[in-house]
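Heads up: the structure comes next, in structure tokens.
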Amino acid sequence: SLQMNLSSWENMENGTSVEEFILLGFPGTWHFRVCLVVVFALTYSLTLTGNASIIALVWMTKNLHTPMYFFLCNLSFLEIWYTTGVVPKAIGVMLGSSQTISFNVCILQLFFLLSLGSTECFLLSVMAYDRYLAIRYPLRYSSLMSSVLSARLVLSSWLGGFLSVSLLAFLTSRLTFCGPHVINHFLCDIDSCLALSCSDTWPVEMATFLVSIIVVVASCVVTLISYIYIISSILRIQSAHGRKKAFSTCSAHLSVVTIWYGSTMFLYVKPSAQNSLDLNKLMNIFNTVVTPLLNPFIYTLRNKEVKQALGQAFTFQ
């Protein structure tokens, strides 16, 4: 016991002793894991196809060359990379062919996923603000939301998303890991890393909480305020047809916002990491695998212009 304590103390003095982790994935029978692989692979294929189709459709349809669809293209582009950062590795983990992940790659995956998630929060709030301008000031919308402003808002969302997570990823990379090196997850996330660290994790937990407040809660508040003004503007429209048309322009975005913020707040907006890792694993599936699949289909089903463009594309073919 004394020898083990001395070994752990030496590891902490020397810094990170664990050079790679083993991702546990989903323990169970082989048939169960194969079924999960099929589901993940099918979901991933549909996600790539759906989001790439939206980008191509907007690119080829001049009627869709507006700020709203420019934001949507950026969201679809983000979703492609967000799910790509998770699913291929998760499939390898479940098949048992790629369960190990180096410490550096683990930190890189954590940084990549959190940065894209933060960018999505900013993009969704920007899209809510865009819908607010379109419904509240329909006659002045084109001058208020110019192509230059929309490009700046998108660039700010991407830069803000990646910069906001940089310090958090750096602090996580400075944690000491003395063993065990088995992560009860199919990806590297903050809670799993904190659970394995043998050093003081309070600074990382506090940084995670503060970043979550700044990114998730602040962007959610902007989105909420935008929708309060949107709903009040819709209610002031005299005709029922006008109210229905106005609501149809933001119903898809509202659905995506509800799904995204619900799962994201559960995962990250908390003062401590002491939640059930198994429950976090399930929520991560919804957040990183299911949501990127739902977004393109929600926008297709609830957006009249996208459906018309799709119909024209298939008719042309």
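Glycine is treated like the rest: Cβ placed from N, Cα and C.
Automatic prediction, not curation, is the source of TrEMBL annotations.
On a predicted model such as this, the values are computed, not experimentally measured, just so you know.
Per-residue confidence over the domain 'G-protein coupled receptors family 1 profile' (50-299) averages 85 (mean pLDDT, predicted model). Taken from TrEMBL, the feature domain 'G-protein coupled receptors family 1 profile' covers 50-299.
Annotated transmembrane segment per TrEMBL: 30-57 (among others), in sequence order.
Summarising the annotation, TrEMBL assigns transmembrane segment to 69-87 (among others).
What TrEMBL records for 107-129 (among others) is transmembrane segment. Residues 68, 71-72, 74-75, 78-79, 81-82, 85-86, 89, 101, 153-154, 156-158, 160-162, 164-166, 168-169, 172-173, 187-190, 193, 211, 215-216, 219-220, 222-223, 226-227, 230, 250, 253, 256-257, 260-261, 264, 287-288 of the same chain sit 6 or more residues outside the transmembrane segment (107-129) yet have a Cβ under 8 Å from a Cβ within it.
Here TrEMBL flags 149-171 (among others) as transmembrane segment. Only residues 6 or more beyond the boundaries of the transmembrane segment (149-171), in the same chain, are considered here, and those with a CB under 8 A from a CB of the stretch are 67, 70-71, 74, 107, 110-111, 114-123, 126, 129-130, 190, 203-204, 207-208, 211, 214-215.
Here TrEMBL flags 209-230 (among others) as transmembrane segment.
According to TrEMBL, the transmembrane segment annotation covers 251-269 (among others).
The feature transmembrane segment is assigned by TrEMBL to 281-301 (among others).
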